[in-house]
Amino acid sequence: MLMRKTPAFAPASVFGVRLSHKFLFLLFLSGLITLCFGALFLLPSSYRFRRLFLPLRPQRLATAPGAGEPEPGDQTQGRGQEPPPNPAPAPGALAVGPGRGGRHPPGGPTTPWEEAGATRGQQTPGAATGLPRAPKSRPLPTLVFEEFRSRLRHPVLGTKGNSDAKSLAQREKIKEMMQFAWDNYKQFALGKNELRPVTKNGYTGGMFGGLGGATIIDALDTLYIMELEDEFQEAKNWVEKSFELDVKGDASVFEVNIRYIGGLLSAYYLTGEEVFREKVIRLGEKLLPAFNTPTGIPRGMVNFGSGVSRTWGWASLGSSILAEFGSLHLEFLHLTKISGNPIFARKVKNIRRVLNRTEKPKGLYPNFLSPVSGSWVQHHVSIGGLGDSFYEYLIKAWLMSAKTDIEAKNMYYTALEAIETHLLQKSQEGLTYIAEWKGGVLDHKMGHLACFSGGMIALGAEDAEMGKRKHYMELAAQITKTCHESYIRTDTKLGPEVFWFDFGSEATTSSPSESYYILRPEVVESYMYMWRLTHDPKYRQWGWEVVEALEKYCRTETGFSGIRNVYTMFPEHDNMQQSFFLAETLK
């Protein structure tokens with residue numbers, strides 16, 4: 001029967017329910033559905049329910065370059081989602097730190113960029129500067145500083161527990177040199193970047209964007225491990241009260257990273273003092289605009305005031321330098337680690353991604369790369385200046401990750417094989433050296449900077465293929481011997497900046513522009529690694545010979561100075577006590 005149409009009632013539906021009633025029913029039903037789904041997705045314990053409806057994202061691995069990262073050329077900071085929180089750490093778990101060792105949470109090792117959540121509910125640094133906040137997650141494992149210090153002081157051959165009287169006396173002498181260098185810096189140049197010991201004043205320079213105190217921050221960890229407690233406290237107080245970050249000048253991204261970021265991170269990991277953590281995160285944020293390029297490869301300079309970046313004027317066709325953008329990885333991973341902000345790790349992970357997709361001539365990494373196109377600008381390869389620490393950071397990234405960063409390991413050994421195939425040479429006197437390569441033509445020379453490679457190759461020998469481990473230790477010893485020869489063939493027993501192997505020259509130079517020594521650490525660094533890994537006493541003896549030469553030719557009335565010519569018994573001082581002399585050479 002047809003229903004009667006009357007003005008008082010709306011037409012009925014096919015189910016016999018009036019339209020107004022149907023509308024109310026649908027409204028109620030939609031509200032109920034919204035409430036149910038809202039409860040599933042918004043309640044505090046909703047993660048287990050989300051798994052029923054949303055696909056899980058795979059955990060990012062150190063071996064998967066680019067996973068979950070912004071595409072190259074993305075100018076925004078912090079895009080992308082983070083993986084689900086890691087399992088809760090065991091009580092007292094030790095976070096992964098620099099070098100070997102370090103405990104991991106249950107379920108296997110993690111890498112610093114996977115641990116991007118904020119620790120203990122702290123506000124993510126950078127919130128006030130417009131940087132992205134890290135997603136909330138469970139508390140991360142925190143560094144147990146007493147345990148960390150105890151790991152550093154395990155008695156091994158060469159420390160106080162096993163040394164003879166002579167070695168202990170030599171150690172105390174070097175400690176005295178450190179205190180002498182520090183005291184004169186404090187008296188004549190406190191707050192400046194470096195001491196000019198001859199003229200008894202300080203030097204600021206234009207490399208650090210207006211930052212001061214490079215010597216203070218570079219020397220923090222050396223003062224600490226040498227147990228110069230009063231001096232360390234003086235340095236800490238300066239950082240806390242006088243280290244000004246609101247500066248406006250042009251800064252070298254590389255130099256600020258290795259001296260300031262590295263120095264503050266080391267001090268934080270050694271002491272747990274919050275002042276070092278707070279300062280280093282703020283300073284790290286000031287370097288981020290350098291990465292705003294089409295490829296994400298940072299330019300060499302950034303203005304701390306405007307954020308505008310540029311390349312060095314001398315760099316070929318506006319290129320970035322391999323040793324500079326390739327020597328950020330260790331520090332930036334730890335900036336993410338201690339800040340909870342994933343942006344730092346993403347920036348340096350992208351550098352690897354660009355390098356891995358770029359074809360390399362004969363497997364070699366040239367020194368100049370365009371930050372615009374991602375292509376090599378010229379085929380100049382050097383394991384010394386312009387290239388050196390890129391290779392060092394690869395093997396150390398592998399070790400720092402507790403040997404989980406397979407990508408770094410593979411890049412290092414592949415690069416080392418190409419270097420050995422195309423650059424390794426033997427002189428007429430049988431000295432092994434690593435030449436430079438310019439488009440297939442070899443320059444038969446090594447720089448002082450390249451002499452770190454003996455220690456680097458020894459450090460990586462243990463994890464090479466079984467059949468190459470002994471070979472790499474022998475190669476490391478040969479290169480270290482060559483660098484030692486560059487020292488003992490001079491009048492001062494200190495090595496030149498560059499030495500050659502052609503036209504009858506063997507580990508020497510005749511050029512005045514290459515004959516200087518600026519208190520560099522690379523040769524004694526290789527001595528140190530070789531001593532630690534072989535316990536051959538000759539490396540200790542070679543190191544002590546350097547100490548004697550420094551005392552004789554570089555010590556002045558008010559500090560240590562580089563010299564302009566290592567081939568004369570009466571060298572002129574260059575009037576500069578470099579910050580790395582305290583940070584590395586004496587260490």
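Placed from the backbone N, Cα and C atoms, the Cβ positions cover glycine too.
No curator has checked TrEMBL annotations; they are predicted automatically.
These numbers come from a predicted model, not from an experiment.
Take the candidates CYS483, CYS554; TrEMBL pairs CYS451 in a disulfide bond with CYS483.
Closest in space to CYS451 (disulfide bond), of the active-site residues given as ASP388, GLU497, GLU522, is GLU522, taking the CA atom of each residue. In the structure shown, the C-beta of CYS451 has more C-beta neighbours within 10 angstroms than that of any other entry among the disulfide-bonded residues CYS451, CYS483. GLU522 (active site) counts 23 other C-beta atoms within 10 Å of its own C-beta, drawing on all protein chains shown. The Cβ of GLU255 (active site, proton donor) has MET207, PHE208 as same-chain neighbours under 8 Å, each 6 or more residues away in sequence. Of the listed active-site residues, namely ASP388, GLU497, the sparsest CB environment within 10 A is found at GLU497.
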